[in-house]
Amino acid sequence: MSLSLSAEQPAAPDVADDGVWLECIECGDTFAPFDDVRYTCDECDGLLEVRYDELPTFDDFEGHGVWRYAAALPFESGVSIQEGSTPLYEVPRLEDEIGVKTLRIKHEGMNPTGSFKDRGMTVGVQVAKELCVGRLACASTGNTSAALAAYGTRGGMETLVLLPAGKVAAGKIAQASLHDARILEVDGNFDACLDIVQELAAKGEVYLLNSLNPFRLEGQKTIGLEILEGFLADYDTVPDRIVLPVGNAGNTSALYKAFRELVQAGELDEDDVPKLTGVQAEGAAPMVEAIENDADEVRRWDDVETRATAIRIGNPVNAPKALPGIRETGGTAVAVSDEEITDAQRSLAAEGIGVEPASAASVAGLRKLRDEGVVDDDERVACLTTGHLLKDPDAAAAAGGDPEPVPADTDGVLKHLHQ
Ligand code: F0G
């Protein structure tokens, strides 16, 4: 199976362009990477992956940000706003409270537009330039639209975003709007938006930059590479486990691909690959259901709801890539309640780390798995926090304390403080 950790590195097919090609994960058919616009397999509609005839080694990585990892990407550089090189915070109190050997927080909210989506867009928008497409588009729970708008306009292209009406956090809409995206508010959920934008893309109206686009996931691989390099530098070993929020399962797929490529290159031992551990909100947990039932396919949930609107997704399109990633690495998936998410958001905030609700799901999930004894106390763990607190100011304000009204004089303020 092509998505197994022990898969052999394939030889470059004739269609390869400079050692890069696209391959269907279902039937193995191969395609030229930059000749035509294509998101899925022509033959069987399976998901595509980008393949390389030369795999990267740690020694190949130099410089800063996403493009430090150019050896693992299809280009040397792309449309960039200095994405990547995000902090890997220590959280001593949380580490103690949860009770693991090491806990680090990879805070992707520190990217230029405040989420990990920038890593995928720097590559995906570059591909759009190579393909000379006109209009870029995505369906989004918010962050993808903010990143697409920023990278699209920087690359000099028009952008169109489809958002579920009333279900996108304020900061994200503001970003998409100011970065000049045309915003369509759809009377339906994210999955309906994605269905529509896929049909628009199939009709040639737009170039699709959702994580169905295999090039976006190439950029997102760099999250995994940064985490590994960070742990190797500080502990001389890679983490035992990486815990991450799951929506469309793009990151889960991307991290798994990054690790598979390192294994194939002989840079990482198969047994050392971090256990990929996905976390979903209870009201939108089709991946968790599939893992728990040991199912081959994920059942689409038509009614989804959670305060973590970024992961309010019922049809994780990257599931065929992500399920093997979770299983082959010995990971798992867990669902958490909105209350558990907000508690974790407060715990991170108490360490000075501001994240949006979906991001806190990773820490909530780790806490739950530790309580259940699934995670051992001697594990070294990295939790991914995917978006910044300011993305969803309403959720942050609701989770925090209320401002206290006081009169505009010092005596009045002192009286209030001492009462
Ligand atoms: N966390 C945040 C903050 C997100 O915005 C998303 C996805 C995820 C986690 C899930 O990541 O899809 O790779 O499993 N947001 C998309 C969007 C759907 O439109 O912004 P995934």
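Cβ coordinates are placed from backbone N, Cα and C, and glycine is handled just like the others.
Positions annotated as pyridoxal 5'-phosphate binding site by TrEMBL: ASN143, GLY247, ASN248, ALA249, GLY250, ASN251, THR386. Under the heading compositional bias 'Low complexity', TrEMBL lists 395-409. Sequence annotations record features per position, and here TrEMBL assigns domain 'Tryptophan synthase beta chain-like PALP' to 80-387. Residues or ranges marked as N6-(pyridoxal phosphate)lysine in TrEMBL: LYS117. Summarising the annotation, TrEMBL assigns region 'Disordered' to 391-419.
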Over the span of the region 'Disordered' (391-419), count residues by DSSP class, listing helix, strand and coil in order.
17 helix, 0 strand, 12 coil
How big is the Cα-to-Cα gap, in Å, between ASN251 (pyridoxal 5'-phosphate binding site) and LYS117 (N6-(pyridoxal phosphate)lysine)?
10
Using a 10 Å radius around each Cβ and counting other Cβ atoms from all shown chains, which of the binding-site residues GLY247, GLY250 yields the largest count?
GLY247
Between LYS117 (N6-(pyridoxal phosphate)lysine) and THR386 (pyridoxal 5'-phosphate binding site), what is the CA-CA distance rounded to a whole number of Å?
9
The sparsest Cβ environment within 10 Å, among the binding-site residues ASN143, ASN248, ASN251, THR386, is found at ASN248
Per-residue pLDDT averaged over the domain 'Tryptophan synthase beta chain-like PALP' (80-387) comes to what?
98
Ranked by the number of other Cβ atoms within 10 Å of their own Cβ, which of the recorded positions LYS117, ALA249 ranks first?
LYS117
Which of the three DSSP states, helix, strand or coil, fits GLY250 (pyridoxal 5'-phosphate binding site)?
helix
Check: same-chain CB within 8 A of pyridoxal 5'-phosphate site center, minus ASN143, GLY247, ASN248, ALA249, GLY250, ASN251, THR386
PHE116, SER211, PRO245, VAL246, THR252, ILE311
